[in-house]
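**Q** The following block contains the structure, expressed as structure tokens.
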Amino acid sequence: MTTPPQLSARDLRKEFGGGRRGEPVVAVDGIDFEVARGGALAIVGESGSGKTTVVRMMAGLETPTSGELLLDGAPLVHSGRGAEARLARARRIQMVFQDPYSSLDPRQTIGDGLAEILRLHGIADRDACEEVALTQLRRVGLDQRHLSMRPGSLSGGQRQRVAIARALAVDPEVLILDEAVAALDVSIQAQILNLLNDLRAESEVTYLFVTHDLAVAQQVTDTAIVMHRGRVVEEGTTDAVLTDPQADYTRRLLDAVPHRGWKPRRRLAASA
Amino acid sequence: MTSTGLVTPSPRRARRLRSGQPARRSVLRQDRVALGLTIFLGLLVLVALLAPVLAPYAPDETDILAASQGPSGAHLLGTDALGRDLLSRLIYGTRLSLLGPVVVIGVATVCAVTLVLSSVWIGGRYDRFVGKALSVLFSFPGLILAIVVVAIVGAGITGPIVAFSIAFIPYIARVLRPVALRERSMTYVNALEMLGVSGWTICVRHLLPNIFPFVRAHVTIALGTALVDLAAVSYIGLGVQAPAAEWGLQISTGQADLLAGKPWESLTACVAVLVVVIAVNILGERLAAAAQKEGR
Amino acid sequence: MNTLEPTTTLPDTAVEPAVAIEHLQVRIPVDGSPAPVIHDVTLTIGRGEAVGLVGESGSGKSMTARALMRMLPDGAEVHGAIRFEGEDVQEMSPRRLRAYRASSIAMIYQNPHAHINPLRTVGDFLVEGLCQVQKVPRREAEQKVVALLVAVGIADGARRLSQYPHELSGGLLQRVMIAAALATEPDVILADEPTTALDVTTQEEVIAILREAQVQRGLSILLITHDLDLAGAACDRLAVMYAGQVVEVADGAGLVERPLHPYSAGLLAARPEIGVRARLRTVPGRPASGFEVGDGCVFAERCAFVTEQCVSERPQLRSLEGRQVACHRAEELDGVLLPLADGPVGADAPGQDKEPS
């Protein structure tokens with residue numbers, strides 16, 4: 001990599017609990033990663049791997065126990081108060097959530113929801129709002145008709161498109177996609193994956209793609225880290241990780257994905 | 001209120017079927033009973049406003065010669081011990097009897113919603129403090145609180161209204177808190193936070209509209225409780241004072257006649273209280289059911 | 001690749017299959033008037049056979065399972081035949097139906113936590129059916145249950161009996177559900193998305209356990225899933241459903257390698273394959289439900305190969321070289337669908353193979 005990393009984590013660690021009530025639970029155990037500007041990093045792992053905690057720290061929903069998250073050399077999450085700090089934070093990092101059914105205000109039309117964000121960030125004034133909102137919707141493959149609809153009349157895939165349009169409306173530097181296609185039907189999943197690739201090709205946004213699905217990660221990302229029990233067990237280009245895995249755990253994950261000629265095996269290690 | 005909801009155009013139904021969600025139609029258009037009750041309560045408010053026009057006599061016009069009479073052509077509901085027309089007093093009584101609960105619930109709702117939204121949003125120590133304060137307040141019966149306040153400020157309509165406005169805050173907050181908490185945990189709230197939307201805007205423009213159906217339902221039910229409580233305070237002589245017309249007071253002053261076998265004054269006032277309380281309760285339950293159904 | 005011979009032997013269909021569904025139609029009331037959710041489902045599950053029922057949301061796959069259990073919503077209108085070992089499920093008396101649900105057919109769900117009483121121990125849950133329905137003494141039932149837990153990979157079964165559901169992980173609890181399903185020695189297991197909520201490594205384990213039960217106990221399995229790859233690898237035969245109709249039936253490998261219906265091909269192409277990095281071929285639009293489709297082919301609105309006949313006349317499921325497909329153009333499309341399913345073309349893939357510099 002010749003360009004300096006845009007986003008990086010240094011020895012990031014998060015513990016929960018502890019204190020008088022015994023040993024703390026280590027959710028993230030000192031991990032490092034970096035992504036170049038406009039790059040896309042996959043954070044792959046199963047439940048309990050710590051990938052969700054990493055994302056929550058990036059979103060500012062959790063504070064790291066130690067270590068740091070840097071964006072262009074400065075701490076990613078500013079704790080500053082006031083409107084200025086809030087808006088600046090929003091333009092640094094945005095997120096698309098897993099559940100398309102609860103990520104939009106059910107009482108707000110799609111147009112109003114977008115307009116609210118556009119006006120807040122001074123991207124468009126009252127008169128230009130609708131037109132800019134429409135442009136944003138067109139970017140994600142929706143149109144005029146959807147402006148006046150409420151989330152209840154949209155399908156899961158359409159809602160996820162709206163969520164993506166809304167997150168990209170503020171032109172963030174980093175977009176976190178937290179299992180963003182996991183809840184969608186297969187044929188819709190493919191549409192969204194293609195859309196994400198198109199959007200990245202036309203802007204400078206950096207993707208952080210959190211997923212349990214290796215095949216899906218490969219579609220959208222350049223590099224990948226595989227997490228297991230709070231640690232990074234493997235890192236490299238996504239293609240290398242998937243086609244030539246080095247860590248036992250990565251191999252185990254790949255073996256478990258159904259494929260042609262797959263023979264599901266039992267490993268008899270039943271633990272709670 | 002035309003019944004345009006009768007014939008649903010098929011494209012709309014198709015879209016609703018596809019989205020798997022009920023169409024956003026107002027409760028009142030879907031529910032005939034709720035609509036009827038709302039109209040009834042609206043008419044009551046009209047009666048209160050138009051009392052001087054509707055009442056056949058002035059409420060304090062006495063006719064000693066026609067005292068304690070049963071219903072007749074001249075006095076449709078009869079007269080009280082001072083010969084005042086009971087129908088007229090009932091009509092004028094609507095004013096104070098409804099105004100009290102509306103003020104009480106209005107004030108209590110504004111306070112409760114503010115407390116609930118702010119504590120759910122801010123969380124932490126503030127949330128715990130508000131929770132404790134509301135539990136302490138909740139443990140005081142409203143009636144006792146009213147008596148204490150009356151003891152301080154003296155009998156009249158002000159004391160009980162102040163007391164119940166405070167007493168109803170935890171009553172409403174208690175039902176709204178879990179609803180607000182659930183709404184707060186929705187992903188869209190996190191998304192809006194990350195988009196830089198201020199806490200104030202999220203609370204007022206997003207959380208409030210989404211919990212509004214629940215607010216409306218529970219406030220309607222609380223209205224009935226407040227009506228009974230205020231009538232009770234007047235009945236025991238601490239609220240509205242004679243000679244004003246008010247239902248609770250009428251039940252009380254009618255007691256003398258009641259013992260003499262002339263139940264008209266107490267009976268009509270009782271029925272008035274009962275009918276309004278039943279109406280707001282049924283309406284409230286219907287609204288609550290609709291809010292529940294709409295909740296995801 | 002181009003032969004149409006099935007790659008695995010299909011079970012002998014001369015004997016009565018465990019389950020036979022013929023031209024099933026289901027309408028359920030929506031806002032007071034019946035809306036079709038299943039248009040035409042014809043499906044057999046042979047004895048000892050694992051059949052995968054694959055479809056996206058709204059396809060009617062779960063409704064088919066509910067029809068088989070006779071657990072449809074109130075007011076549902078059912079046409080067509082559902083037979084269990086020759087007996088019409090629709091005609092069963094209440095008493096027979098209870099016995100059928102209790103011991104002939106068992107169900108495993110996507111979310112085990114929602115189907116187990118959280119206030120009672122795993123042991124209570126497991127032995128209850130045995131003690132009450134089959135009148136087995138409790139001690140004997142417990143012994144049997146512990147053996148079953150060992151069979152599903154829970155070695156310390158005796159200890160688990162005294163635990164509560166919340167103390168178990170999702171994967172472990174799903175194994176308990178399988179043990180519960182096996183306890184009554186059913187002939188058929190209906191597994192409705194049993195691994196969707198689980199991690200891939202746990203999924204492999206659960207599928208392996210189901211497969212083992214199928215072989216060792218001669219069970220018939222209906223695996224309902226949205227995951228065509230999973231069903232293809234875990235089942236003997238697959239049925240693909242779309243908008244309330246079975247559109248294709250084939251052996252697992254055959255369907256995955258050579259789909260005959262445009263929808264099956266579309267599903268396969270839409271799913272990214274590990275090691276192949278190219279723009280995904282998508283099916284336009286979104287999955288339709290039974291009540292959204294017109295008189296023609298259920299897939300007509302999204303199909304790239306649609307003709308006038310497709311829009312006006314609904315194709316029936318018909319046999320084609322050892323398989324079944326509901327498509328007017330199956331013969332002529334046979335070769336055309338292949339590249340679509342075999343690997344996405346890279347021509348229209350902008351910004352794909354960019355590596356960070």
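The first residue you see is number 1, and the count goes up from there.
Note: Cβ is positioned from N, Cα and C throughout, glycine not excepted.
Sharing the features that TrEMBL gives for it:
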{"type": "DOMAIN", "residues": "B:90-284", "note": "domain 'ABC transmembrane type-1'"}
{"type": "REGION", "residues": "B:1-23", "note": "region 'Disordered'"}
{"type": "TRANSMEM", "residues": "B:33-55", "note": "transmembrane segment"}
{"type": "TRANSMEM", "residues": "B:98-122", "note": "transmembrane segment"}
{"type": "TRANSMEM", "residues": "B:134-153", "note": "transmembrane segment"}
{"type": "TRANSMEM", "residues": "B:159-176", "note": "transmembrane segment"}
{"type": "TRANSMEM", "residues": "B:266-284", "note": "transmembrane segment"}
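For each listed feature, how buried is it and what is near it?
**A** Residues 1, 27, 85, 87-88, 91-92, 94-95, 98-99, 276, 279-280, 282-283, 286-287, 290 of the same chain lie 6 or more positions beyond the ends of the transmembrane segment (B:33-55) yet place their CB under 8 Å from a CB of it.
For the transmembrane segment (B:98-122), same-chain residues at least 6 beyond its ends with a Cβ under 8 Å from one of its own Cβ atoms are 44-45, 48, 130-131, 134, 157, 160-161, 164-173, 176-177, 180-181, 184, 199, 202-203, 207-208, 215, 219, 222-224, 226-227, 230, 239-240, 276.
Same-chain residues lying 6 or more positions outside the transmembrane segment (B:134-153) and placing a CB less than 8 Å from one of its CB atoms are 115, 159-160, 162-164, 166-171, 173-174, 229, 232-233, 238-239.
For the transmembrane segment (B:266-284), the residues of the chain that approach it from at least six positions outside its boundaries are 33-34, 37-38, 40-41, 44, 77, 86-87, 90, 93-94, 97-98, 217-224, 227-228, 231, 247-248, 250-251, 254-255, 257-258, judged by C-beta separation under 8 angstroms.
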